[in-house]
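Among the features that TrEMBL reports, domain 'PDEase' is placed at 119-441. According to TrEMBL, the feature active site, proton donor maps to HIS196. TrEMBL lists HIS196, ASN197, PHE198, ARG199, HIS200, ASP237, ASP346, GLN397 with the feature AMP binding site. Taken from TrEMBL, the feature Zn(2+) 1 binding site applies to HIS200, HIS236, ASP237, ASP346. The Zn(2+) 2 binding site annotation in TrEMBL covers ASP237.
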Amino acid sequence: MGSGFSTYRPKAIYLDIDGRIQKVVFSKYCSSSDIMDLVCIATEKEELFQSVLTQVAEQFSRAFKINELKTEVTNHLAMLEKRFELEGLKAVEIEKCKSDIKKMREEMTSRNNRTTCPCKYSFLDNNRKLMPQRDVPAYPKHVIITISFSISLQMLSCLEHMYHDLGLVKDFNINPITLKRWLLCIHDNYRNNPFHNFRHCFCVTQMMYCMISLCFLQEKFSQMDILVLMTAAICHDLDHPGYNNTYQINARTELAIRYNDISPLENHHCAVAFQIISQPECNIFSNVTTEDFKKIRQGIITLILATDMARHAEILDSFKEKMENFDYTNEEHMIYLKMILIKCCDISNEVRPMEVAEPWVDCLLEEYFMQSDREKSEGLPVAPFMDRDKVTKPTAQIGFIKFVLIPMFETVTKLFPMVEELMLQPLWESKNRYEELKKIDDAEKKVKHNNALLMTHKYLIIFLDHILKNL
């Protein structure tokens, strides 16, 4: 809260030195030694300094309204304690009240013990990015229907709701405050890339939540598997730099060297995820057994590593083999199903309505073009589908939908028929729409090409006519 004043006015004290009044003016930036020097100059005799300390203390108290401030703090403290005792606040509000009360008690104690002016401030080190950087907010508890480009607090609220709704908070004894802090820390460790950002994290997790509900996955999987699916979806692109594995490997980046060119980004996402979990205030798994934590950790790592598109064909082919005789009691079959589920969610934007899906294509192309521009400037190979001079939105999407998305969702539909109407059908419609757009683009290009040829012929005829006239 502000003081209510738009500008700061210097303070002054008046000293009675042997019957004459001396005025000492100082600002809030003065140190205690500065003020001592000013007083000594005013008294002209350093030995008189101690004799005027009582006057200084009294005028300081009046100048800075110390007594009024102590009364205000005491009254606010009493109000908070009464509210805390009588109103039966929710858990997060109680924690906030406790924090406020503690801070005020500490402030009052420090004021009582202080002998010099607090002229310098010490700041906490905010460079440790993994630490939660704000208090836990009481963000609104309502579900967002339109998920495209919602504000961060609404997305955080939805993610929190999903964990409660799926019974994960109750079944794994997750502290609600820890869940909030973990989600905030996750949010802070996604970069502001055009595509691989916290909104993408939210969309992937929301799609996983949708598939759990739509396909009745809680009847097929254990609650630990559900926890792994949701947590892997949230963490799957943590600290993504905006440049893919191909760039990391070709540019010989630190990540590529660290992980020996093997899924450097996905390995990094896993590492950041468990660095966050290693902080006690963000450890949502603090109440599970050591053995269960090992299983959860291995499950999350397996799923995040499966999001590397370089492994797409390998994972899908293996899953198709198991689909011939799929067994829900077979652990290997279930692991591959979870891998396919997170892959579906990771690249599911085209399943959504056109008005939601299409802006994501623009975001992805923007990130691709940023990478290809950098690759050109550094003399690295450039993938054609990322080159702004070669790719268009329709050409980028048609092949991806036709050869990646549809085959994968068709395979999932064989196991969960309910997916066809809500997810597979929109993919067919999206492919048809982009094919129509491509036809329009091709027709426009053909017209431009024909116009260019026509103009060339026209100028050629004029040129030949000019030559003939001059023969």
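Using the three backbone atoms N, Cα and C, a Cβ is placed for every residue, glycine included.
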Fewest Cβ neighbours within 10 Å, where candidates are the binding-site residues ASN197, GLN397: ASN197
Sorted by sequence, non-HIS200, HIS236, ASP237, ASP346 residues with Cβ within 8 Å of centre, Zn(2+) 1: HIS196, CYS201, VAL204, ALA233, HIS240, THR307
Site with most surrounding Cβ atoms, counting all protein chains shown within 10 Å, from the binding-site residues ARG199, HIS236: HIS236
Cα separation, HIS236 (Zn(2+) 1 binding site) to ARG199 (AMP binding site) (Å, whole number): 12
Most Cβ neighbours inside 10 Å, all chains, among the binding-site residues ASP237, ASP346: ASP237
Local Cβ density at the residue listed as 'active site, proton donor' - other Cβ atoms counted within 10 Å: 25
Cβ atoms near PHE198 (AMP binding site) (within 10 Å, other residues, all chains): 21
Which binding-site residues sit within 10 Å of HIS236 (Zn(2+) 1 binding site) - Cα, from ASN197, ASP346, GLN397: ASP346
